[in-house]
Amino acid sequence: MNKTAIALLALLASSASLAATPWQKITQPVPGSAQSIGSFSNGCIVGADTLPIQSEHYQVMRTDQRRYFGHPDLVMFIQRLSSQVSNLGMGTVLIGDMGMPAGGRFNGGHASHQTGLDVDIFLQLPKKRWTSAQLLRPQALDLVSRDGKHVVPTLWKPEIFSLIKLAAQDKDVTRIFVNPAIKQQLCLDAGTDRDWLRKVRPWFQHRAHMHVRLRCPADSLECEDQPLPPPGDGCGAELQSWFEPPKPGTTKPEKKTPPPLPPSCQALLDEHVI
């Protein structure tokens, strides 16, 4: 499938969630042992943790949206990564969307983030902590040139390279989505230590943040993992294909309704949403 078709499918998957979803009516995590259920783009979570809003190592953006819930493994990853970044004197980690209290489909902006295993992290590390006003209305820093072919040299910093690398080297991380131009710059900067690049995947948009995805927890028996990324650093022909013009004759795919929920997620909705 060419990149234009993939982009249209991704847009449809995201826009399908623009209507209000019943998951928004669940305002607190569902009690129980932590269980991620279903797939990243069609699932839910029982026993989600709340990411502590106050931390010396990170700051949480858009708290009014209440998207700071996730599997305990995700909360621990954020705390682990931000502590590493702080210990290296790199700055404060800016945390974007995680998931809703019970996971599930958003009403816009994300097709995934449904099982408590995804988090968006800004690709900037301020030395001075942001104010409450800045956190509620964050200003993203677009690192990619207008033509989409490379990063903006004056904005690309070694600390951002290190942030992505630290995240990719974490044992629980299975994928990190960034803009193709950012992946390209990582390939140029990586040197001989390249194993971690396999986890960094080019994807549409993602010009100012990275989308980190964790593997399914071993005890979440109904969680559906993705296949591992292809072998290698992903810096060759696959990456270059993202910079090629779309093939002529690409047709817009038909709009699809969301797939049925996993039975456990449907049962959760039936019990907790009137």
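Cβ coordinates come from backbone N, Cα and C, glycine included.
Per Swiss-Prot, these features apply:
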type	residues	note
SIGNAL	1-19	signal peptide
DISULFID	CYS44-CYS265	disulfide bond
BINDING	HIS110, HIS113, ASP120, HIS211	Zn(2+) 1 binding site
BINDING	ASP147, HIS150	Zn(2+) 2 binding site
DISULFID	CYS187-CYS235	disulfide bond
DISULFID	CYS216-CYS223	disulfide bond
REGION	227-274	region 'Disordered'
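Put simply, of the recorded positions CYS44, ASP147, CYS187, CYS235, the one whose Cα is nearest the Cα of HIS110 (Zn(2+) 1 binding site) is CYS44. For the pair formed by ASP120 (Zn(2+) 1 binding site) and CYS216 (disulfide bond), distance between Cα atoms is given as 17 Å, rounded to the nearest Å. The secondary structure of CYS265 (disulfide bond), as reduced to three states from DSSP, is helical.
Each of the disulfide-bonded residues CYS44, CYS223 was scored by how many other Cβ atoms lie within 10 Å of its Cβ, and the smallest score goes to CYS223. Across the fold, the C-alpha of HIS113 (Zn(2+) 1 binding site) and the C-alpha of CYS265 (disulfide bond) stand 14 Å from each other.
For the region 'Disordered' (227-274), the number of residues in each DSSP class (helix H, G, I; strand E, B; coil) is 17 helix, 0 strand, 31 coil. All protein chains included, ASP120 (Zn(2+) 1 binding site) registers 21 other Cβ atoms within 10 Å of its own Cβ. Taking the C-alpha positions, the distance from CYS216 (disulfide bond) to CYS44 (disulfide bond) comes to 12 Å.
Of all the binding-site residues in the record (ASP147, HIS150, HIS211), the one with the smallest CA separation from CYS235 (disulfide bond) is HIS150. CYS235 (disulfide bond) has a Cβ environment of 18 other Cβ atoms inside 10 Å. Considering only the disulfide-bonded residues CYS216, CYS265, the Cβ with the fewest other Cβ atoms within 10 Å is that of CYS216.
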